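First the structure, in the form of C-alpha cells, and then the observations on it.
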Amino acid sequence: MALCNGDSKPENAGGDLKDGCHHYEGAVVILDAGAQYGKVIDRRVRELFVQSEIFPLETPAFAIKEQGFRAIIISGGPNSVYAEDAPWFDPAIFTIGKPVLGICYGMQMMNKVFGGTVHKKSVREDGVFNISMDNTCSLFRGLQKEEIVLLTHGDSVDKVADGFKVVARSGNIVAGIANESKKLYGVQFHPEVGLTENGKVILKNFLYDIAGCSGNFTVQNRELECIREIKEKVGTSKVLVLLSGGVDSTVCTALLNRALNQDQVIAVHIDNGFMRKRESQSVEEALKKLGIQVKVINAAHSFYNGTTTLPISDEDRTPRKRISKTLNMTTSPEEKRKIIGDTFVKIANEVIGEMSLKPEEVFLAQGTLRPDLIESASLVASGKAELIKTHHNDTELIRKLREEGKVIEPLKDFHKDEVRILGRELDLPEELVSRHPFPGPGLAIRVICAEEPYICKDFPETNNILKIVADFSASVKKPHTLLQRVKACTTEEDQEKLMEITSQHSLNAFLLPIKTVGVQGDCRSYSYVCGISSKDEPDWESLIFLARLIPRMCHNINRVVYIFGPPVKEPPTDVTPTFLTTGVLSTLRQADFEAHNILRESGYAGKISQMPVILTPLHFDRDPLQKQPSCQRSVVIRTFITSDFMTGVPATPGNEIPVEVVLKMVTEIKKIPGISRIMYDLTSKPPGTTEWE
C-alpha cells in the first residue's frame, strides 16, 4: 500500500516510539492526529484499566506491531484528509490485523484509505446531537437506537468505502462506519468526552469485546508519582511557585511542600490588578491556615503598563519582533494573554533578585493542567493540536524556560476533576478544593476590549439568515434563496422544532458587533456572537435548542446569548471603546461579586462548574435618530457545567439552576452604574470555549 499524504516518509516517523525498547503487550496505542481531545482519549482508556500510550500519527505500522500493542485508536484532528498539509500516516496500520477505532478525522482517514470519499459539506456540526445507531454492531452493543453525542466537524464521509457499512447517522450525515470482519470501526463523533452520554460504553465495547483487552492495568498512585518527579528534578534547589489561590496552584504548592523541605519552597501571590473583589486578602488568609507562608506582591501597575515582544505579523515567518502596546491599550485577546504571562515571569525574576537567589538555581513551579497545554497547542500535550488560545502559563517565554528544564509542572497530566481528587487526598479543605476555577489572567480576559465594531462583509447576509431562523414559521411562506440554505443545513426534525418554537414565541435574532474565541472542528475560531431577544418570558429549552442549531448553520457564529429585558428594537452596530482601565475593571469586579454572591447564597454553586461574568462593549436601547454615542456596557453571565473542561454545557435555568436565582443576578447587576443590558450565554463547548477570550 502506498504512503499517504506526502511523497516520502518523514525522517522522524516512528522516532518517538519510546526509543523502540519497550514492549506494550495488551496495551492500546493512540495515534495523535492533533485533536483537542487526544489526551482525554488516553484518560478514558486508563479509567477502564487498560494501558494506553500516545504516539505520533506517522508511527509506522511495523513498529506498532513489533511493540505488541493489542489495538489502535486514531484521534480526531484539525486537518482535512485531502489538504496538501494533511499529516502523513502509514496506511498499513489498517492491515496488520489489529482492531482499529478511528475517531472523527480517524474515521475519515480509514474511509479514504479503503476507497471511500470525504467532502466538505454545507452543514457543519459543532455541539451535542441525537444520532441513530445500529445497536447490533459490536461497537454499539448495549446502547439505544438513538444516543446523544458530541459532533464537531466540517468534513463528512460521502461515499462509504467498499466492505464497510454505515452503523450510525446524524440526519443525512454518516456518523459511524464498520467493517466487522476486519475489526475496523470509525465514528464521526467523540466517544471520549463527557457530552457523549454513553461514550464510555462504546470505548469499553471496543477495548474488551472487540480488542480483547484484559483490564488489568491499574493507575499508579498519582500523588506519589508527582512527589517523586518533584524530588528528582529539584534536588536541593529552591522552587518559586506562583499562587493564584485557586485549586490548581494550591494543590501544586501542597505537593511541593510534601516533596521538599519548607525552606526550598517560595510561595508568591502576585496581585495583578485583575483579581476578584477582596481576592488577594482571602487567598493569603486561606493559605496561612494550611501552614503555607505567602509573599503577596501588588503588581497592578506593572501589569497595566506591561508589554511583550510579538511577531511583526501573523504572516511574517522571520524572527523579527515588535514591541506590543501596553496591556491597558491592547484589545487583542492573544496579545493580552501573552503580555500577562510574560509579565508574571518578569515579576517572578524580580522576586528572585530581591531575595538574592541565583536564577540558575531556582525553578519556577506552576499548576498548569492538561487542558491548558492542549488548547495552547503545546508539544508537551500534543504534537499536532491546533492553537485555540494561548494560556498565560504557556507563553513563548514559559516554553523557553520549559525547554531549559526550569519549569516544574507536576499537574501537567491532570484534568480539573482529577486535581480536585488529588487535593482531597492531600487533606486540603473542601471549600478550597471545590472552588470555581479562576484564570490566572483574572478579569483581564473577561473584559471584551474593543475600539471599533467587529463587522465583516458577511455581517448583513448572516443577519438575514438569523431573521429567517427567528421567524421560521412565517419565513417558510415567503420563498427566499437564504431560506433554502437554512433548509439545506437542517434536518426535517430541526425544521419541525423551529416551526413549533417560532409559531409559539416572538423572537429576534441578530449579530452583535463583537467577536469571541471558540473551538470549531478542533481549530480556534474568532467569530460573531448571536443575540436573541423576545417579548415573551424565555423558554429556556427552546433557546438552548436554537443555540445548538445556529452555529451549525452559520459557521461564522460560535456563541449565542439571550438578552434579558424587552425586545431589542435596534441592535447596536458600534461599540463603547473599552480597555483594561481601572474604571472598567471596577465595574466588572462588582458585577462578578454580585453574581457569585447570589449563586453562593442560593446553594447552587456546587452544581455549576464555573461561572465567568463578562463585560462587553455593547450599549443597547439607543434611538438611532438621536445619534446617541455608545457609552455604556453590557454583562454576560456564562454558567458552565463540565467534568473535564474540555467540553461542557450551559446550565439551563429551571433545570440545573433555578430561574429565580438567575433573575436575581440580573436585577442586582443592572443596578451597577453604566450597565446597559444583561445577557445569558447559551453556548456549549464546542463551539464556544469556557471563557470568552
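Glycine is treated like the rest: Cβ placed from N, Cα and C.
Worth saying up front: this structure is predicted, and the values here are computed from it rather than measured.
Feature annotations, courtesy of Swiss-Prot:
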MOD_RES   Ala2  N-acetylalanine
MOD_RES   Ser8  phosphoserine
MOD_RES   Lys9  N6-acetyllysine
ACT_SITE  Cys104  active site, for GATase activity
ACT_SITE  His190  active site, for GATase activity
ACT_SITE  Glu192  active site, for GATase activity
DOMAIN    217-435  domain 'GMPS ATP-PPase'
BINDING   Ser244, Gly245, Gly246, Val247, Asp248, Ser249, Thr250  ATP binding site
MOD_RES   Thr318  phosphothreonine
MOD_RES   Ser332  phosphoserine
BINDING   Arg337, Asp522, Gln610, Lys685, Glu691  XMP binding site
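In the structure shown, the C-beta of Thr250 has more C-beta neighbours within 10 angstroms than that of any other entry among the recorded positions Ser249, Thr250, Ser332. In this structure, the binding-site residues Asp248, Glu691 were compared by how many other Cβ atoms lie within 10 Å of their Cβ, and the smallest count belongs to Glu691. Every protein chain considered, the tally of other Cβ atoms within 10 Å of the Cβ of Gly245 (ATP binding site) stands at 22. For Val247 (ATP binding site), the count of additional Cβ atoms within 10 Å of its Cβ stands at 24 [all protein chains shown]. Sitting within 8 Å of the Cβ centre of Ser244, Gly245, Gly246, Val247, Asp248, Ser249, Thr250, and not among those site residues for ATP, are the Cβ atoms of Leu243, Val251, Cys252, Gly367, Arg435, Phe438.
When the binding-site residues Ser244, Gln610 are compared by the number of other C-beta atoms lying within 10 angstroms of their own C-beta, Gln610 comes out lowest. Between the alpha carbons (Cα) of Glu192 (active site, for GATase activity) and Cys104 (active site, for GATase activity) lies a span of roughly 11 Å. In the three-state DSSP assignment, the secondary structure recorded for Ser332 (phosphoserine) is coil. When the alpha carbons of Ser332 (phosphoserine) and Cys104 (active site, for GATase activity) are compared, the span between them is 31 angstrom. The recorded positions near Cys104 (active site, for GATase activity), taking a 10 angstroms Cα-Cα threshold over the set His190, Ser244, Asp248, Lys685, Glu691, are His190.
Around the Cβ of Gly246 (ATP binding site), a 10 Å sphere holds 20 further Cβ atoms from the protein chains shown. The secondary structure of Cys104 (active site, for GATase activity), as reduced to three states from DSSP, is coil rather than helix or strand. The Cβ of His190 (active site, for GATase activity) lies under 8 Å from the Cβ of Ala35, Tyr37, Gly76, Ile103, Cys104, Val149, Leu150, Leu151, Thr152, Thr196, Gly199, Thr647, each of these being in the same chain and 6 or more residues away along the sequence.
Cα of Val247 (ATP binding site) to Cα of Glu691 (XMP binding site): a span of 18 Å. For Glu192 (active site, for GATase activity), the number of other Cβ atoms no farther than 10 Å from its own Cβ, over all displayed protein chains, is 29.
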